[in-house]
Amino acid sequence: METVYYGGASNNDAALCRNNDSCRKINIYLVHRFFFVCNFGAVLTDLIVYQSCTVSLKLNETLCQLLHTNSSSQEAAAIEAKVQPYASIVLMYAFLLRTVLPSLLSLFLGPWSDKYGRKPLLVSGYMGFSLKFLILSILCNWTVNPWFMQVAFIPLAILGGSCNLMLASICYISDIVKENDRVWQLAWLNASLLFGIVLGTFTGPVIYKQYGYTAVFGTATLFCTLTLLYVLFYVPESIKNCPKSSLQSLFDFSLVKELISTCVKKRDGFNRYVAWCCILTLLLTIFAMEGDATIGFLFVREYFGWDISSYANYTGATVILSIVGTLFAVKLLANLLGISDAALAILSFMSLLGSAIVKSFAWQPWHMYLSGGIGLFGGVPGPILRAILSKSVPPQDVGKVFSLTTSLETLTPLGAVPLYTLIYKNYMPPVYYPCPAWLVSVALYSIAILLVMCIARRTARSNNTSYVQLISESE
C-alpha cells in the first residue's frame, strides 16, 4: 500500500478521541441531540402569505381568511393568484438576508474553529435561532407589513445561522469519528435534521389552529433555548487545549488566505479532483432542493388547493420516507452489502431525478405522495458526499475545506431561489403543464450523476492510498 505523508499541525486530543469508542459514542449522541428542534417554516410562509393579502395588497380580511378556512375554493384560488407573486418576493428577500452574511462569515469560522474549537460556533448558532423565533413570536401579535418580519432574521444572520451550525456539526463529527464510520454518523445527523422537520411539520399546524401564530413561534423559541443550554453545559469541546480567542482573532483575513490556499493548492495528501467534484455535486444538490422547497407549498396550494395541514401531512410523510431510506441505504446497502459510496450516491440521485419528473407531470394530489415514495433515497447524497470529501483532505484541514463548502452551499440558493421563483411566477400551474420548475431539478440531478461517476473513476485509481500525518513540516 502506498503511503502519502503530509505536514502541518495536528490535534492529538481529537485523534485520541477517534480511537476511544466510549468518547466517540457519547459525543455523537450529543451532536445529534442538537438537531431535534422544531421546524415551523410552513407556518411562517403561511403567515407571510396572509399578511401580504391583508396588509400589503389590502384585500378584504374576510376574503383573505378563505386561505385558511376554504383554501380549495375557486375564490381562494383567485386570491392565491394575486397574493403568491408578492409573497414569494418577500420570502426571497428573507432568504437573502439569512444567507448572505452567514456565507461570508463561514469563510472565517472554519479556519478559526480548527484552532479555537467547534463549540463556540454551536452556541452562537442556536443563540441566533432562539432570537429569531423570539422576535417572530412578538411581531405576529400585530397585523404588520410582512416586510417587518425581516427584522427577525438579522440576529440569525449575524450569529451565523444554519450555515454556522452545519459547519460546526460536520467538523465535530470529522474530529471524533473514524473514517469508516463517518457515512453512518453523517446519515444520522441528516436524519436528525429531517426529524426536526417532521416534528415541526406535524405539530406546527396543530398548535397554530389551537393557539395561533404566537404559540407556534413561542414553542420554537423554547426548543431552541433548551437546545442552546444543553450545548452550553453538556456538550464537550472536540478540540482540547484551545488557546484563548477574541473577536479580533475571528476576523483575521489571513484565515481566508490560508483557506483558499488549502483548497486550491495541489499537494500530497489532498485529492483535489475528488474534493472539488464532491463540492460541485453538493452545490447542484442544494440548488435543486432549495428551489424545490421554495415553490413546494405555493405549487400544491395553487394547483391542488391544499392548506397548511394538507401540506404538513405530505411533507411529514415524504420526510419520514427519506429518513427510513437514508438509514436503510447506508446501513444495509453500504455497510452490510458493501455497495460503494459512489454507487449509493448514483442510486440516490436517480431516486431524486424520478421524484422531480413525477412532480413536474403531477395532476392529482396522490402524485405528490408518489413522488415522495420514488424519492425514498433523497437524503443519501449529503452524508455520502461529505464523507468522501472528509476522506480526501488531511484531518487538520477539515475545518477549512468544509468552511468553503458550507459557504458555497449557503450562497448557492441565492441563485436557486430567484430562478425557481421566477420560473414559477411566470409559468404558474395549471396554465403551464408540465411545471417547468421541476424540470430544472431533473437537469441538475442528471449532471450530478455524471459528476459522481467521475468521482468513482478517480477514487478507484487512488483507493490504495492512505494519509499519515507528520509531527511537523519543519522536522
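Note: Cβ is positioned from N, Cα and C throughout, glycine not excepted.
All annotation found in TrEMBL is predicted automatically rather than curated by experts.
Annotated transmembrane segment per TrEMBL: 28-50 (among others), in sequence order.
Annotation source TrEMBL lists transmembrane segment at 90-109 (among others).
The transmembrane segment annotation in TrEMBL covers 121-144 (among others).
Under the heading transmembrane segment, TrEMBL lists 150-174 (among others). Counting residues 6+ beyond its ends, the transmembrane segment (150-174) has Cβ neighbours under 8 Å at 27-28, 31, 34-35, 93-94, 97-103, 105-106, 109-110, 113-114, 118-119, 121-122, 124-129, 131-133, 135-136, 139, 182, 185-186, 189, 238, 386, 390, 395, 398-399, 402-403, 406-407, 409-410 in the same chain.
Look at TrEMBL and you will find 186-208 (among others) tagged as transmembrane segment.
Marked as transmembrane segment by TrEMBL: 214-235 (among others).
Per TrEMBL, transmembrane segment is recorded for 273-299 (among others). Long-range contacts of the transmembrane segment (273-299) within the same chain: residues 42, 45-46, 84, 87-88, 91-92, 95, 263, 308, 311, 315, 345, 349, 352, 356, 359, 381-382, 385-386, 388-389, 392-393, 401, 404-405, 408-409, 412-413, 415-417, 419-421, 424, 429, 435, 437-438, 440-441, 444-445, 447-448, 451-452, 454-455, 458-459, 462, each at least 6 residues beyond the stretch ends and with a Cβ under 8 Å from a Cβ of the stretch.
Beyond the ends of the transmembrane segment (311-330), by six or more residues, the same chain brings 42, 183-184, 187-188, 190-191, 194-195, 197-198, 201-202, 204-205, 296-297, 300-301, 344, 347-348, 351, 368-369, 371-373, 375-380, 383-384 to within a C-beta distance below 8 angstroms of the stretch. Residues or ranges marked as transmembrane segment in TrEMBL: 311-330 (among others).
The transmembrane segment feature in TrEMBL is assigned to 342-362 (among others).
According to TrEMBL, the transmembrane segment annotation covers 368-389 (among others).
Per TrEMBL, the feature transmembrane segment maps to 401-424 (among others). Outside the transmembrane segment (401-424), and at least 6 residues removed from its termini, the chain residues within Cβ reach (under 8 Å) are 88-89, 92, 95-96, 99-100, 102-104, 106-111, 113, 163, 166-167, 170-171, 174, 259-260, 262-263, 275, 279, 282-283, 286-288, 290-292, 294-295, 298-299, 386, 389-390, 393, 435-437, 440.
The transmembrane segment feature in TrEMBL is assigned to 436-456 (among others).
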Beyond the flanks of the transmembrane segment (368-389) by 6 or more, those residues with Cβ under 8 Å of it: 170, 182-183, 186-187, 189-191, 194, 274-275, 278-279, 281-282, 285, 300, 304, 314, 317-318, 321-326, 329-330, 341-342, 344-345, 347-349, 351-352, 354-356, 358-359, 362, 401-402, 405, 448, 455, 459
Two-stretch contact, the transmembrane segment (214-235) and the transmembrane segment (342-362), at least three Cβ pairs under 8 Å: no
Chain residues outside the transmembrane segment (436-456) and at least six past its termini with a C-beta under 8 angstroms from it: 274, 277-278, 280-281, 284-285, 287-288, 291-292, 295, 299, 340, 342-343, 345-346, 349-350, 352-353, 356-357, 359-360, 381, 388, 419-420, 423-424, 427
